[in-house]
């Protein structure tokens, strides 16, 4: 027998020691088996993917492709699922793996987003690094219950005379802006955002399907007016996948809801929902959903209604915050009776219609007062507006009809001519340059002057200069009254007389100044 061979006792001791060491090592490991459900891509199209092998996947669940590319489950059939991609699909092909995540899509929210330009997933587009958001909220959330809502009671001042006086918007309201291309829809939005600089309103601008150059111009304007500190800009460009365009307005709404739940006032602008509807139509047709009117799927009304219903004013017990929604719609050939415009008109609390006819005449902003309405905001107007412009909407509409009638060459009596001249001056006063939102006192002074006849003796081409002189005089001479108007105090009879006296003095002083200059 070989003496070098270990004895049975030694071998047993060695094995016991080895297994003991192995047990000690294994006991220190917390290895857990992780179940991953992985399927296979069967088809890749323009912004959509079909896959199989995911029997337990849920609708609207987030899935991951190779390279951490993301998708959202849209269709769930017996043998395959339809996925909308949130990234470009160049790196996805038939046979690629697709993995479940077990969670729904969410977006970053919080103060860290202010001043940033992001895509709908919360990824930065401004080259300023990742967003350090402390929380994330789901893309889709239930709208507040009826008993959680409070009446809309506080005005949202746009700084635009014709809107604040005739088509007022309240905080928590949904007001649609619609009109043809190049009629000034985005210009109204920019002025509204600029006017919130001292109003404690957080503004979220959501660009959907717009050209990158157009969005860059919007960002540049907001930067130049130093509005970005209270703004969030969410961008899904026209060259982005349609899936990213589809989720963009929902992402912007979730970002706004975070602040609303904390008692803050939020303004969310969707620019525009026409492109959003087209992106949804494209995805639905590619995924073979049954088309309806104008090839839109049957739930096109629902996808906008469920989003805009999240805009509201909460009860004080829930913080008293508000989310005001201003969707934009692009019409074709001034047709506001098309499918998507009529859907949005029926969902929202009013609409502001921009007329290409007025735009071509140089009447800016080109708001058609007769076709515009605010079903909620009128109750929120500051008392001073109701005092000076209570019947202005009716009288202005009558003036427009009278002006149309007078073009037929009918002989007019003195009273009719006087109404026409007054109406033309009202129209001149309601004109306003872009990027020049006015404070409440400036608007009240101008409106009171024109409705009381203080500008009847001024030629139309000099109305703008006279308005500026009146506003300067009111700020210099009546600063206390301006502060009271801003606070929402009503105008007394004495206040009206004081304002009118200052306006008439400012108007009368101009010819004297010219005479002094000429001499």
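For all residues, glycine too, the Cβ spot is worked out from N, Cα and C.
Listed in Swiss-Prot:
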| type | residues | note |
| --- | --- | --- |
| BINDING | 179, 180, 181, 182, 183, 184, 185, 186 | ATP binding site |
| SITE | 372 | site 'Required for activity' |
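Features per Swiss-Prot, on structure.
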| residue | record | DSSP class |
| --- | --- | --- |
| 179 | ATP binding site | strand |
| 184 | ATP binding site | coil |
| 372 | site 'Required for activity' | coil |
Number of Cβ atoms other than its own within 10 Å, given for residue 185 (ATP binding site): 23
CB-centroid shell, 8 A cutoff, ATP site 179, 180, 181, 182, 183, 184, 185, 186, site residues removed: 330, 354, 356, 359, 366
Residue among the binding-site residues 179, 184 whose Cβ has the most other Cβ atoms within 10 Å: 179
Residue among recorded positions 182, 183, 186, 372 with least C-beta crowding, 10 angstrom cut-off: 182
Whole-number Å value for how far residue 372 (site 'Required for activity') lies from residue 179 (ATP binding site) (Cα to Cα): 11
Cβ neighbour count within 10 Å of residue 181 (ATP binding site): 9
Alpha-carbon distance [residue 372 (site 'Required for activity'); residue 182 (ATP binding site)] in Å: 18
